[in-house]
Each structure stands twice: as structure tokens, then as C-alpha cells.
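Colleague: The feature domain 'Thioredoxin' is assigned by TrEMBL to 40-201. TrEMBL lists Cys78, Cys82, His166 with the feature Cu cation binding site. What TrEMBL records for Cys78-Cys82 is disulfide bond.
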Amino acid sequence: MRAIRWIAWILVVLVAGTTMAVLVSDDIRDAVLGKPGQGTGIADIGGPFQLVDHTGKPVTEKDFLGKPSAFFFGFTHCPDVCPTTLYEMSTWLDELGPDADKLNVAFVTVDPERDTPELMNNYLSAFGDRITGLSGTPEQVSQIVKEFKVYRRKVEQEDGEYVMDHTANVYLMDAGGKFAGTIAYGEADDIALGKLKRLVAGG
């Protein structure tokens, strides 16, 4: 009987921990995206911006209309999340085959102080030629970060350098520039690929 009681308590703790994780996850989501039904909610994600791509060409949100898009926010000095996501995105594009040409994919810097178009170009070359790098002035980057409800924070390091803490989701937008969902960091490949296929099919 004592063993049964111990097992029961362990199950209670596990369930409580899972519930807490969900609550914390929801709190983070609401802080970034806004609670459903509020003016800062999911429907408000995306908007006007003026940036430059990794070749130095000026671009706006209008350049991403006509085809669905996937936007990922990060920085070139990122030690793990960004290269992992960009590698995964390149493999998903390979899996899409010819349909990959029906999708815009953009890597948007959250670190405009360091991420110049030239640096973005060199960085993205490791992940193929189908991902567009977007950077700009601090004010321009702040604008798109605001429009997409992206969380970012500079974290100073002991050696005097810094890293950026930031939202790790991939934002999915339809061909009309409307928010269509996200791919979470670490999401299973088959689920992520399924989302991209549905996004492309829906136009």
C-alpha cells in the first residue's frame, strides 16, 4: 500500500508540473502575442516595414505579398537556436521540392548593431540560397519587431560581448500578409513540414 501511495504522489506531482508548464507557456504567449480577443492578439501580427535584404536592396512588406511567407527572427552571433532553425528550414524547403518556390522565407535580425547586409549574406550562405536576410537601422528593426510582436532583449556577457534573447518561433503569413500560425522551436519535422505544405496549398 505504501508503494501505491508513493506512485500516486509522483503522478500528482507530474500532473501539477505539466499544468504549471502549460500555464507558464500561456503567460509567455500572452505577453508576446496578447490574449485572444485583445487588440494586440494574433490577428494583429504583421504589418508595414522598411528594411534591406542581404544584398543591400530596400524591401518592404509589399515585397512579400503574392506568396505565403515564413519569417524567423534571430541574429548571426546566435550560438544555437538560430543556426538550428535555419538548418531545419533549409531541410524543410528541400522536402517541399518544387513547392519551395511558392514560399518566401526571411531571416530577420534582432541585432541591427552588428548584422549588416554583408554579414547576413555571408552567414546565410551556409543554409542555401532560398532564405532572404533582412536587416536595417535600429529604428527600422524595432518597427518590424513591434509589428510581429517579437520579444527581444540584449543580454550582456562577462567578456563585454552580448547575446540576444528572442522569440524562437517561425511566423507563418499567407499570401495576403495575414498571420497564419507559427512553427515552434524544436517542433517535430513532420508537423512543421505539414504546416508549410498547408500554407503553400492555401496560398
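These residue numbers are counts, starting from 1, taken along the chain as shown.
Placement of Cβ uses the backbone N, Cα and C atoms for every residue, glycine included.
Just so you know, TrEMBL annotations never went through curation; they're auto-generated.
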Colleague: Under a three-state reading of DSSP, tell me whether His166 (Cu cation binding site) is helix, strand or coil.
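Modeller: It is in a strand.
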Colleague: Inside 10 Å of the Cβ of Cys82 (Cu cation binding site), count up the other Cβ atoms and send me the figure.
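Modeller: That number is 22.
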Colleague: Would you count the other CB atoms within 10 A of the CB of His166 (Cu cation binding site), including those on all shown protein chains?
Modeller: 22
Colleague: How many other Cβ atoms are found within 10 Å of the Cβ atom of Cys78 (Cu cation binding site), counting all protein chains shown?
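Modeller: Other Cβ atoms within 10 Å of Cys78 (Cu cation binding site): 20.
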